[in-house]
Every structure is written in C-alpha cells, then in structure tokens.
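Below is one structure. I have some questions about it.
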Amino acid sequence: MKSFFILLSILQECYGKDIVARIGGRNVAEKIGGARHRRQVLIRGSDEERRHKWFNNTVHYYFYEENFDFTVKESILRAMELISNHTCIKFSTEPSEKSIRMESDSTTIACYAEIGQVRENQLFSFNSDCYSAGVAVHELIHSLGFIHAHQRSDRDQYLEFKKNLDELNQTYQEQYKIWEYQEILVPYDVGSVMQYPNEEDEEYYPVRKYRTMANTMGSAIVAFYDYLMINKYYECSCANNLSCKNHGYPNPSNCSQCNCPYGFGGADCSQRAEPGATFQATETWQNVTISLDAGYRYLENNQKLPQVDFIYQFLWIMAPANKTTQIRVEKFVEGKCLPGCIRGGVEIKTNEDPRLTSPRLCCEETS
C-alpha cells in the first residue's frame, strides 16, 4: 500500500523557498475520504446549447493587436498547450468565420470570456491582473462551453454562502446563480480551476463546508477532472485499448499515453510522476526538506516577470498494508496564506479517489 503527497510550487513568487515536512507511520488501519460523489456540471440542456460546441473540436483565435497586452500572451499560449496536451481540443490561428478575439480590457481588473461558441468574432478579455496560465485556462474553459463549478446544481453539498444570493447585486448574482440547463459529467472538485476561492472577508464569496479544503478553493492548477469533463463533452476518445492504471485513461491528444491523476506518471500511470522521490515510512519521524526554484521569465526588452505556471515535486511515501502514514508540515519558508495556494504549497493526497484534489497547505496557519 502506498500513499504520497505532492509538493507544488507556482512559478510566480516562490523562488527557491524551503518546505520542511516530517514523515512517519503508526499501526492503525484507516480509510480516508470514502464519500461517493455525483457527476460534474456543464451547460448543455437544450439543442440551442449543443450548438455552442466548437466545430471539429478546434478553437480559432487571434490577438487583437490594437488592444492586447502582449506581456500576458505567454499565459494564454501555455493555457492552450495544457488543454490541447490533455484533450482533443486544438487551438488554431487559421482565419475562420467564427473565432475568438483576444483583447486586454484596461477598464477592469477582471478577465472574462463568453460561454461556448456563441457568435462570430467573440470576446476573450485577458489583462496583466490575471497573468497566470491557470486563470487563462479558467477563461478558455468558459469559451469551450462550461460554467463555474460553484454554479453546479449540486454545489450546496460542498459550499455555503454568508448571504442569500438574491441580496447580492446583479453582477455577483450572475457569477453564482445555478444555471437552468446542466449536465453532470464529473464529480464535484473544490480544487477545480473553475471554482472561485474561499474569501472569508468578502461577503459574496462562497465558503467551504469543510475547513480542510479552505485553501484548495480558487486553484490555478487544472484539475484532473477539469480535463476529463472537456473530453467527455467533446467526445474525445482513443481507438486503441491502452490499459491505464490508478484511474488514468487514454489521452486523446496522444493515445500511446494515459492522462494520469497528479502524482502518477509513466505511459500507463503505474509509476511515480517526475520529478520526485520515494520514501519508506518508519515508526520514527524522518525530516525532509524540499527546495524549489521557479526562476523568472524575461521579455525581449529584458523585462523580468514571474513565470506563468507551476513547477512540481512529487513524493511517494511507501508503507506496509494496514498502516496509516503520518505527515506533518513543519514550516514554510516565506509561505503565503492565499486562497488556492496560488503562490505555492503542499497537497497531501488523502482522498480515496486520487483524481480529486486533496487539501492544500501553504503556510503555518494551514498546516
């Protein structure tokens, strides 16, 4: 029997910082996170909505040079790469009658996109206040036809709100209303890139029902189930019979490999993901210190900017059957307590379903 935890560091502000963890074991058999889940949500309840898919699974786009901040271009391109590497969706700059116009709206700090393929020359606004690839994926998934996770019909099983939604202004009601037409495709994952953060100081944000997931909400990491719901909706599949381990499935972008839950790797998800290390749990505590250095990206004018995506370190902790592994995060060097742990942190995989996001920690307050 093996357990593992994933060390995450976003390539934005955590440069070469240390995280110190202690690993141990005790003689107790314990089953964690055995709850059953309903399937995920998507707007697709009528013939009208079905026409909002992109033809031939290809999204055409162009950058509107008169009003686009090219410092965020890398974020969008990386987001497209992430989606196309895990699904059958392709992004093309070939001219098309129906395409997305990429702009940067300087009048707002918000980024936004229209839901699904809705018209010619439709809008996708992305500016420097958004910047990261994770936020760009969020908006691109809207463009593919998906609503927020917290607008699912089953969201009240996982979230609660401080105020009745009808007390909010119209803008926020639109962001939190449950859409009439939905199809549940994958389990609810509060770590979805489509889930808004848990902001306890903001009256209109959702609050998690389970305290351990507080810093998981608002993630900038694309969840396993985010890719799977795209593949299901766009009917992406592989003709071969590749056998995938550990709940993986054949990757429609490369049918010789599997899409694996975070922490698993190799062509068939039978190995530990790389880079990483494997430890053997013992009856006494072991100290482990991990350092990740994200580095920077440089523009042509030598302007130095944070990176747009995460780097990862995957640790497997091996233990005999009928043993429970104990993990204690001792400290973060300059860790930041931010919703979604968007500047880096640790995810300790505790869910029985390894495809679901587990609790994330990013500072002493959460560890």
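Placement of Cβ uses the backbone N, Cα and C atoms for every residue, glycine included.
In case it's useful when we look at the structure, here is the feature table from Swiss-Prot:
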ACT_SITE  E139  active site
BINDING   H138, H142, H148  Zn(2+) binding site
DISULFID  C88-C236  disulfide bond
DISULFID  C111-C130  disulfide bond
DISULFID  C238-C258  disulfide bond
DISULFID  C260-C269  disulfide bond
DOMAIN    41-237  domain 'Peptidase M12A'
DOMAIN    232-270  domain 'EGF-like'
CARBOHYD  N56  N-linked glycosylation site
CARBOHYD  N85  N-linked glycosylation site
CARBOHYD  N169  N-linked glycosylation site
CARBOHYD  N241  N-linked glycosylation site
CARBOHYD  N254  N-linked glycosylation site
CARBOHYD  N287  N-linked glycosylation site
CARBOHYD  N322  N-linked glycosylation site
SIGNAL    1-16  signal peptide
For H138 (Zn(2+) binding site) and N85 (N-linked glycosylation site), what Cα-Cα distance in Å is obtained after rounding to a whole number?
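Their Cα atoms are separated by 16 Å.
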Count up the helix, strand and coil residues in the domain 'EGF-like' (232-270) according to DSSP, in that order.
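When I sort the residues of the domain 'EGF-like' (232-270) into the three classes, I find 2 helix, 11 strand, 26 coil.
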Which one is it, among the recorded positions N56, C236, N241, N254, C258, that lies nearest to H148 (Zn(2+) binding site) by Cα separation?
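Closest candidate to H148 (Zn(2+) binding site), judged by Cα separation, is C236.
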List, in sequence order, the same-chain residues at least six positions removed whose CB sits under 8 Å from that of the residue listed as 'active site'?
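Counting only residues 6 or more apart in sequence, the Cβ neighbours of the residue listed as 'active site' under 8 Å are C111, Y112, A113, F124, F126, C130.
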Between the Cα atoms of N169 (N-linked glycosylation site) and N85 (N-linked glycosylation site), find the distance and write it as a whole number of Å.
39
Distance check, please: Cα of N241 (N-linked glycosylation site) against Cα of C258 (disulfide bond), rounded to an integer number of angstrom.
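Between the alpha carbons of N241 (N-linked glycosylation site) and C258 (disulfide bond) there are 11 Å.
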Around C269 (disulfide bond), how many other C-beta atoms are within 10 angstroms of its C-beta?
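I count 22 other Cβ atoms within 10 Å of it.
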Look up H138 (Zn(2+) binding site) in the DSSP assignment and reduce it to helix, strand or coil.
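Note: H138 (Zn(2+) binding site) is helical by DSSP.
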Can you give me the average pLDDT across the domain 'EGF-like' (232-270), rounded to a whole number?
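On average, pLDDT over the domain 'EGF-like' (232-270) sits at 96.
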Nearest to N287 (N-linked glycosylation site) by Cα distance: which of the recorded positions C88, C238, N322 is it?
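Going through C88, C238, N322 one by one, the Cα closest to that of N287 (N-linked glycosylation site) is N322.
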State which of the following glycosylation sites has the fewest other Cβ atoms within 10 Å around its Cβ: N241, N287.
N241
Could you state the CA-to-CA distance between N322 (N-linked glycosylation site) and C269 (disulfide bond) to the nearest Å?
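Checking the Cα atoms of N322 (N-linked glycosylation site) and C269 (disulfide bond) gives a distance of 24 Å.
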Which of the listed disulfide-bonded residues (C111, C236, C260) has the least company, meaning the fewest other Cβ atoms within 10 Å of its Cβ?
C236
Just to be sure I understand: of N56, N85, C88, H142, C269, which recorded positions have a C-alpha no more than 10 angstroms from the C-alpha of C258 (disulfide bond)?
C269
Have a look around N322 (N-linked glycosylation site) and count the other CB atoms within 10 A of its CB, chains all included.
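Counting Cβ neighbours of N322 (N-linked glycosylation site) within 10 Å gives 10.
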